[in-house]
Amino acid sequence: MKVIINGTEKQLPENIETIEALLHHLQLQEKKAVVERNGDILVKEKHENEPVLDGDTIEIVHFVGGG
Amino acid sequence: MLQIGPYTFRSRLFLGTGKYRTAEVQEKAVQASETEVLTFAVRRMNIFDESQPDPFEKMDLSNYKLLPNTAGAKTAEEAVRIAKMANAAGMCDMVKVEVIGCDKTLLPDPVETLRASEQLLSEGFTVLTYTSDDVVLARKLQELGIHAIMPGAAPIGTGLGIINPYNLSHIIEQAQVPVIVDAGIGSPKDAVYAMELGADGILLNTAVSDANDPPKMAEAMKLAVQAGQLGFEAGRIEKKFYAKASSPTEGLSKV
């Protein structure tokens, strides 16, 4: 399946069905990442149930240094 | 004590976390500043870089209130989106509204800043708004119900100090919520000056992160904010045109 993650098109293995699985695939499960799918922000508690579907646009953000 | 919305702080110095040379220098500077509030930006993760460096990995952020900013936003909608993303990290409901309207001066867009503040208030955020030193805009933001006004001393990163103490004084005089002077502070002198004018706190980043010795400058800023606050509370003397002797003019011993 193809999705767009942070502006880049990416081919994902078919066994990735949820946001949680996607974060594991990207090795981000331990990070304080915030996920937005197709414009909807998904709080952490929802990650295990929210699906990832072909054509989704996903943003993964975190805190960086700033003033 | 400084009260912003539901939060109370002993320290009146808020510290930005951008541009430090190393994570170690940053950590030492943060400790030396004795700040309780750290600001952050929200950015895309570099998900294709497996090392995923996290500059805050070694810091115990639970000791601090985190103040995410909406830097990068040029419209109210973008600012609201960034604020919601930051909030979804579950670390704090405070947000520093920052909507830039000019690339050269990084001065805020007043209309979008007002709109973003209004919307974030309606969504229940504790809103601290970065604004220029516009007295009327500061009043209108206050009327919306924001929790702190954050007028810039000078444009971000310039270190020019307080370029309009007149406007800043009016903003402070009319304010019913805390005024945190944000951006443009260059040296401890500027921090003292802002506090003596009656500011409730200071937010700075570059003045510390770009100093030759950031931890030492962080300590200097801590002391400057404390000195300025004490001086303000103590009440400075009137300025006089003629000299007035400090030593008694009577009882002089003569040969």
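Note: Cβ is positioned from N, Cα and C throughout, glycine not excepted.
Same-site candidate for 1-deoxy-D-xylulose 5-phosphate binding, as annotated by TrEMBL with B:ALA183, B:GLY184, B:ASN205, B:THR206, chosen from B:GLY157, B:GLY231, B:GLY235: B:GLY157. Counting in whole angstrom, B:ASN205 (1-deoxy-D-xylulose 5-phosphate binding site) lies 14 from B:LYS96 (active site, schiff-base intermediate with DXP) by their C-alpha atoms. Taking the C-alpha positions, the distance from B:GLY184 (1-deoxy-D-xylulose 5-phosphate binding site) to B:LYS96 (active site, schiff-base intermediate with DXP) comes to 16 Å. Taking each Cβ in turn and tallying the other Cβ atoms within 10 Å, the top scorer among the binding-site residues B:GLY157, B:GLY184 is B:GLY184.
Here the Cα atom of B:GLY157 (1-deoxy-D-xylulose 5-phosphate binding site) is found 17 Å from that of B:LYS96 (active site, schiff-base intermediate with DXP). The secondary structure of B:ALA183 (1-deoxy-D-xylulose 5-phosphate binding site), as reduced to three states from DSSP, is coil rather than helix or strand. In this structure the C-alpha atoms belonging to B:THR206 (1-deoxy-D-xylulose 5-phosphate binding site) and B:LYS96 (active site, schiff-base intermediate with DXP) are separated by 17 Å.
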